[in-house]
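Enquirer: Have a look at this one.
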Amino acid sequence: MADAAPGPQRPKLRVAVLISGGGSNMAALLGAAAAADFPAEIALVLSNRADAGGLAKAAAAGVATAVVDHRAFPDRDSFDAAIDAELARHGIEFVCLAGFMRLLTEGFTDRWRDRMINVHPSLLPLFKGLHTHQRALDAGVRFHGCTVHFVRFGMDEGPIIVQAAVPVLAGDDADSLAARVLAMEHKIYPLALRLVGEGRAVVDGERVRIEGEGAAPGGMLWPAG
Ligand code: GAR
């Protein structure tokens, strides 16, 4: 009898990606999830805005989409309950926030504790909130970057899984810096989801331990001389 084809160690994690806009991070996750050995499948893309550009990209890729318009609900609890109902309807086990620009209630973040991650365009805990690139420029930092972290109730708070740093260049404005950071977001988000899906990113207290961490680069310095 022929050997069975090699398969994944565990069933793929059923993931929903929550977006509010263009969805370039969602597209990066979809691209990564196309690999046979990726431990997660994107089973749903949900947006609070019907006009979010990412919805069309997801539909074109054959992924189920849903719109839960926050303006249709009287308060945050009922909005979050409607999101939860969609997630349940699609058998979702894990949530990726990817440019989802609504604050979630404590009930929701507690229900999805250690089962929900977010990408943020700064090296957290620096520059939580909005306008991170301009704030990095104003602060005069030499390195800026992005973070993927487990979600806690506090805005842009929670155990950090992966970060990427980029240099801040002399001629940068917020747009050029944002583009450099976004390119790295597209690398670290799929990496973080892979680490979680493979069971290698373990929440330990309020820090993340990475099992079988790879070789570390040397330090970076900027400006170089
Ligand atoms: C990304 O830069 C993401 O880090 C940011 O919104 C952008 C969404 O872009 N998220 C936040 O600021 C949340 N705090 P995308 O729709 O092209 O992925």
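Sequential numbering from 1, following the chain as shown.
Just so you know, glycine gets a Cβ as well, placed from its N, Cα and C.
Automated prediction, rather than curation, is the source of TrEMBL annotations.
TrEMBL feature annotations, pasted as is:
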- His120: active site, proton donor (ACT_SITE)
- Gly23, Ser24, Asn25: N(1)-(5-phospho-beta-D-ribosyl)glycinamide binding site (BINDING)
- Arg76, Met101, Arg102, Leu103, Leu104, Asn118: (6R)-10-formyltetrahydrofolate binding site (BINDING)
- 14-193: domain 'Formyl transferase N-terminal' (DOMAIN)
- Asp156: site 'Raises pKa of active site His' (SITE)
Enquirer: Compare the C-alpha of the residue listed as 'active site, proton donor' with the C-alpha of each of the recorded positions Asn25, Arg76, Met101, Leu103, Asp156, and give the closest one.
Expert: Asp156
Enquirer: Determine which residues of the same chain, besides Gly23, Ser24, Asn25, have their CB within 8 A of the center of the CB atoms at the recorded N(1)-(5-phospho-beta-D-ribosyl)glycinamide site, and list them by sequence.
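Expert: Checked against the 8 Å cutoff, the neighbours are Ile19, Gly21, Gly22, Met26, Ala27, Ala28, Gly54, Ala98, Gly99, His186.
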Enquirer: Can you tell me which binding-site residues out of Arg76, Met101, Arg102, Asn118 are within 10 A of Asp156 (site 'Raises pKa of active site His') by Cα, answering none if there aren't any?
Expert: Asn118
Enquirer: What residue among the recorded positions Arg76, Arg102, His120 has the most other CB atoms lying within 10 A of its CB?
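Expert: Counting Cβ neighbours within 10 Å, the top one is His120.
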Enquirer: Which of these binding-site residues has the least crowded Cβ, counting other Cβ atoms within 10 Å: Met101, Leu103, Leu104?
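Expert: Result for the binding-site residues Met101, Leu103, Leu104: minimum number of other Cβ atoms within 10 Å at Leu103.
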Enquirer: Take the domain 'Formyl transferase N-terminal' (14-193) and average the pLDDT across it for me.
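Expert: Looking only at the domain 'Formyl transferase N-terminal' (14-193), pLDDT averages out to 98.
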Enquirer: I'm trying to understand the geometry here, so how far is the Cα atom of Leu103 ((6R)-10-formyltetrahydrofolate binding site) from the Cα atom of Asn25 (N(1)-(5-phospho-beta-D-ribosyl)glycinamide binding site), in Å to the nearest whole number?
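Expert: Answer for this pair: 19 Å between alpha carbons.
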Enquirer: Around Gly23 (N(1)-(5-phospho-beta-D-ribosyl)glycinamide binding site), how many other CB atoms lie within 10 A of its CB?
Expert: 23
Enquirer: For each of the binding-site residues (Ser24, Asn25), count the other CB atoms lying within 10 A of its CB, then report the residue with the highest count.
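Expert: Top count of Cβ atoms within 10 Å goes to Asn25.
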Enquirer: Give the subset of the binding-site residues Ser24, Asn25, Arg102, Leu103, Leu104 lying near ligand 1, defined as CB under 6 A from any of its atoms.
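Expert: Among the binding-site residues listed, those whose Cβ sits under 6 Å from ligand 1 are Ser24, Asn25.
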Enquirer: Take the C-alpha atoms of Gly23 (N(1)-(5-phospho-beta-D-ribosyl)glycinamide binding site) and Leu104 ((6R)-10-formyltetrahydrofolate binding site) and report the distance between them in angstrom, rounded.
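Expert: Cα-Cα distance, Gly23 (N(1)-(5-phospho-beta-D-ribosyl)glycinamide binding site) to Leu104 ((6R)-10-formyltetrahydrofolate binding site): 19 Å.
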Enquirer: Are there any residues in the same chain, six or more apart in sequence, whose C-beta is under 8 angstroms from the C-beta of Asn118 ((6R)-10-formyltetrahydrofolate binding site), and if so which?
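Expert: The answer is Cys96, Leu97, Phe100, Val148, His149, Val151, Asp156, Gly158.
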